[in-house]
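I have placed the structure first, in the form of structure tokens, so that the comments after it can refer back to it.
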Amino acid sequence: MSIIEDARHGIVTEEMKQVAKAEGVTEDFIRRSVAEGHIVIPVSPYRKVKICGIGEGLRTKVNASIGTSTDIVNIPEEIEKAKQAERAGADTLMELSTGGDFADIRRQIIANTTLSVGSVPLYQAFIEAVKKDGAVIHMKEDDLFRITAEQAKLGTNFMAIHTGINWETVKRLRNQGRHAGLVSRGGAFMTAWMLHNEKENPLYSEFDYLMEIMKEHEVTLSMGNGMRAGAIHDATDRAGIQELLINAELADKAHAKGIQVIVEGPGHVPIDEIATNVQLMKRVTNNKPFYMLGPIVTDIAPGYDDRVSAIGAAISSSLGADFICYVTPAEHLALPTPEEVYEGVISSRIAAHVGDMVKLKKVREADLEMGHARRDLDWERQFAVAMNPARARKIREERMPADTDGCTMCGDFCAIKIVNRYFKF
């Protein structure tokens, strides 16, 4: 039985127990939420991973995407990115290589992380078609499903599958137009394939077969967002909403079959439209775990998109998004370095925590502890509570004051020291 089927039969699995303990909730809450599809726990029969629950009532989780490109194929560096992401506190990884030996890269990444790993089988299928026949439009449907099964057998825990792109979605995209076109590689590949071959998306038309693969290998299905906006002026448009409606219907179908499902959301959304997107997605998907790709809230800050994304992610999380994909400072500019991966994860973890302070009041306890540590000028406690203790310690030690109780910001005029002479808080 799948983990959903166990939950439906009243069985609390070891994975459910681990999530309950980590999140400070009851085992029965986890079991019921998994059964209802409100929480997923990505697992695999092929490898043991650090168990992670994603969904309602749990801490917002952060994904870090890594992988080669056609210009840069450096497997040791990708392994280092995986390690940096895990050190920075990422909850999951997505391995999204588009250059090199896909199976070898994924195998090495999986061997060098304890985190759940996701993939996009569509990338490999289309890129192999380019290598073999010269263009993505020559991708064979059988190859797409074969690659999906092969990636599952490597121990992939969850997969982004672009099921929501069909003729209705493409028609709405064409009728409406866009300022920035399509920015999803999977969305662009599949749309081009459909238009050239005059055929329906096989991930949509053969969804029953896809579900067989997902079920057999216990892969969590992440409903891909191939029509997501690549500019804030394209946010919340008809093509994106059409894809969401299709994904929502297919997500219900997969859940009924005992397959865990996540639904992906948009990537570029102005702040005043975030609430609309989160509420709409949660409503039409029957409260399935919602995976927000950022979002980017302004398009004019390349080089700082980790911060731009953190603004959107904090708001999304506070409104109910369950899972956010990090963004690095290199977004829209280049393949990120390991250092940029680390920075991206930290930025997203801060955003997730800020959001969780709204929907999970208990996470504010860490902020309360930091407040007390600062009141007491207890630097070691401050470092221990900090999101990135090493960085906090480094900055202080590089600029250590003469009076080691305070810091070089205020020096002799430390407000806390002055008031502490008269008050005991």
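Residue numbering: from 1, along the chain as shown.
Cβ coordinates come from backbone N, Cα and C, glycine included.
Keep in mind it's a predicted model, so treat the numbers as computed, not measured.
What Swiss-Prot records for the substrate site is MET94, TYR123, SER184, ARG185, GLY186, ASN225, GLY226, MET227, ARG228, GLU264, TYR291, and among HIS38, HIS162, HIS332, HIS353 the residue it adds there is HIS162.
When each of the binding-site residues HIS162, ARG185, HIS268, HIS332 is scored by how many other Cβ atoms sit within 10 Å of its Cβ, HIS332 comes out lowest. Contacts of CYS414 ([4Fe-4S] cluster binding site) defined by a Cβ separation under 8 A and a same-chain sequence distance of 6+ are given as ASP403, ASP405, GLY406, CYS407, in order along the sequence.
Remark: MET227 (substrate binding site) has GLY164, ILE165, THR169, LEU173, LEU182, SER184, GLY187, ALA239, GLY240, GLN242, GLU243 as non-local neighbours, by Cβ distance under 8 Å and separation of at least 6 in sequence. Looking at MET94, CYS407, CYS410, the binding-site residues in this record, the fewest other C-beta atoms within 10 angstroms of the C-beta turn up around CYS410. GLU264 (substrate binding site) counts 27 other C-beta atoms within 10 Å of its own C-beta, drawing on all protein chains shown. Secondary structure from DSSP puts ARG185 (substrate binding site) in a helix.
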